[in-house]
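One structure is given here, and the rest of the page talks about it.
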Amino acid sequence: MRAVAVLSVVLYHGWPNWFVGGFIGVDVFFVISGYLITSIILTQLETNDFSIASFYSRRVRRIFPALLLVLVVTLGFGWITLLSGEFQQVGKHTAAGGSFISNLVLWHESGYFDNSATTKPLLHLWSLGVEEQFYFLWPLILWLVFKKKMNFLLVTTVIFVISMASNILTVGTDPSAAFFSPLTRFWELMAGGIAAYWHLYRPTWSARQKNSASVIGAAMLIAGFSLIKPQDLFPGWWAILPVAGVFLLIMAGPSSIINRAILSRKIMVSIGLISYPLYLWHWPLLSFGFIIHGEKPTYQIKIALILLAFALAYLTYRYLEVPLRTRRKKNVVASLSGAMVAIIAIGLSIHFGLLKERINVHGADIYLNALNDSDFPGQSFTPYRHNGIVFQKISSTSPKLTVFIGDSLIQQYGPYIEQTMAKSGNANNSVIFATAGGCPPIQGTIRLPLVRFPICPKIIDAAYDLANQDDVDTVVIGAAWYGYFKNNYAELLVESNGKRYAFPEEIAMEKAYQSLQTSVELLKKHGKRVYLIMQPPSGGAFDPRNMYAGSRFKSIYPLPQIPDVAVEKFLRESAGPRKRLSAIAEQTGAVLIDPLNYLCSQETCPVLDAEGKPLYTDPIHMRPAYARRVASYLAPTLLPAASTKASRVEKSVVPSS
């Protein structure tokens, strides 16, 4: 069973588009772990041979050796190949992994399915965190249940139901919490615990019942691997498939047809023996493949890295795990614990910048410093709740409001708005940013994957409801329009008249444009002054990552020439969305603001400032300092509507299409 779990995870991480449901292998691990640990503890309690100290001592011998090796190698290879921010992140994740709190740290970072996940070599340690947190509590609970002669099934069922209910209630509102929180995951380990208790104390099933259970369990697992996708809300109800499937396979026992014919095969048993070190090794190798290659590694590279993971897993098991697990010297546990404390300290030192990376950037740091440079929400913003959604507000003495609706391309203007309000705030409306990164400001759209963007529809509906309130006189709408409406974008659905349409189908994009126009028309009907903000110039040429070259194994250096971007090229690539947004503004009476007119000359758009520093932090987002300097085209949106008369469509310095 452990072979099935680890192989599914490895294949998913290698080829996520082929093995879309492979990530549920972690859930298989959870049930197995709950079963094994509960079986061991209950047996020892029955024979009066259980000791909390001995239990944790065995966990140290079992878990620490391979984990320490992988953490040390990851840090060492990271020191050689990673840039400053990357190395600091690995330091933080090393400390979290050694402390078994990776799940809690990642909970507050991007999601498990985030694109940036590929650049986190220790991402996979989140599941180890959940397991060890369970191991910390479960032995104490079992000991108390046994000592007080409490009803095991009653106690376990209560914990199971509470955890399962937390999972179901949380997955739709906070999918990161549902995915990483121990509270929403413990029910899976509890399922294994119930199976262990049943095997020890309840009547065994007949051969026919065992065979039926194994076939049904295998079918449920296959269904889970086939049907569950990263864009589904997971764990949620979906997790019942793998958990129940593994539960039935465990209950069926080794003599059942599936277990006997497939899971007991020598190759499956052998892979099961190295499943733990294989799980530890495979993801750092694949992640460094992504980091060093700069994009998705080739098929051949992935195969080579996975084969290397198998080799390292066997060597780790044979020459590290087995000797240390069986050695009876008392100082083994103390030495392993001391080594883990040391690696945690090193990780924290790296995270806080006390230990530096090896790589020499040779002047490229001017570009590296631009990465991840953001400042939203700033210090002047305060939380503002509407319809259960928390937005950000800057208050003035004006009773009127300007509401900004959009994604992170509207949020990038936060530093400019904050600066302007600080200088002349009382002359302006109060401002609310009703925004969410990655959520297009189009009602009826659903951003994928849902595990990362579960409540975009709720956020955008709340934003437009807020914008239609009586105290709002100005509404500003903007987004990464050219990204959402480009021909190969497939991460959006749009609902219309009870049907769902998928991007990039033409009918889906048309429905989205119609929805945006309807929303603007309603705002105008309610007497609002509405601004539509075109997307600023964007593209790979603005990305600081494309401004340096070199080898991660040697040094990084700046490119000798970094050309500006041709306006004609940008206009050509964004022609479709620009034309439609212009038409919506014309037909609804909205004011169209085109940043291109303010940021570019007739021929080119700059990518560096006068000091040679990047103006953007990635291909589409301005750096805060740049936004503060150039976003004055938003100044009219802050003034009370009665004090300014804006034309319906700004006259363009360059053609809008």
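From the backbone N, Cα and C atoms, a Cβ is placed for every residue, glycine too.
The domain 'Acyltransferase 3' annotation in TrEMBL covers 1-287.
The feature domain 'SGNH' is assigned by TrEMBL to 398-635.
Residues annotated as transmembrane segment in TrEMBL: 18-42 (among others).
Below 8 angstroms of C-beta separation, residues 90-91, 94, 97-98, 121-122, 125, 128, 132, 276-277, 280-281, 284, 288, 291-292, 316-317, 320-321, 324-325, 336-337, 339-340, 343, 346-347, 350, 357-359, 552-553 of the same chain, each at least six residues beyond the ends of the transmembrane segment (63-82), sit close to that stretch. If you look up TrEMBL, you'll see 63-82 (among others) marked as transmembrane segment.
Annotation source TrEMBL lists transmembrane segment at 123-145 (among others). Residues 9, 13, 26, 29-30, 33-34, 37-38, 41-42, 45, 50, 52, 55, 59, 63, 67, 93, 96-97, 100-104, 106, 112, 117, 152, 155, 159, 180, 182, 185-186, 189, 193, 279-280, 282-283, 287 of the same chain lie 6+ residues outside the transmembrane segment (123-145) yet bring a C-beta within less than 8 angstroms of a C-beta in it.
Annotation source TrEMBL lists transmembrane segment at 152-171 (among others).
Per TrEMBL, transmembrane segment is recorded for 177-200 (among others). Residues of the same chain lying 6 or more positions beyond the ends of the transmembrane segment (177-200) and with a Cβ under 8 Å from any Cβ of it are 27, 30-39, 42-43, 46, 103-104, 106-107, 111-112, 126, 129-131, 133-134, 138, 152-153, 156-157, 159-164, 166-167, 170-171, 233-236, 239, 243-244, 246-247, 250-251, 253, 451.
Residues 4, 8, 19-22, 24, 28, 205, 234, 238, 241-242, 244-249, 251-252, 256-259, 262 of the same chain, all 6+ positions outside the transmembrane segment (212-228), place their C-beta atoms under 8 angstroms from a C-beta of that stretch. Annotated transmembrane segment per TrEMBL: 212-228 (among others), in sequence order.
Here TrEMBL flags 234-252 (among others) as transmembrane segment.
Residues annotated as transmembrane segment in TrEMBL: 273-293 (among others).
Taken from TrEMBL, the feature transmembrane segment covers 299-320 (among others).
Residues or ranges marked as transmembrane segment by TrEMBL: 332-354 (among others).
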For the transmembrane segment (152-171), sequence-distant contacts whose Cβ falls under 8 Å of one of its Cβ atoms, 6 or more beyond its ends: 141, 145, 177-178, 181, 183-187, 190-191, 193-194, 197, 233-237, 239, 454
Tertiary contacts of the transmembrane segment (299-320) (same chain, 6+ residues out, Cβ under 8 Å): 10, 14-15, 65-66, 69, 273-274, 276-278, 280-282, 285-286, 289, 293
The domain 'SGNH' (398-635) [mean pLDDT, rounded to integer]: 92
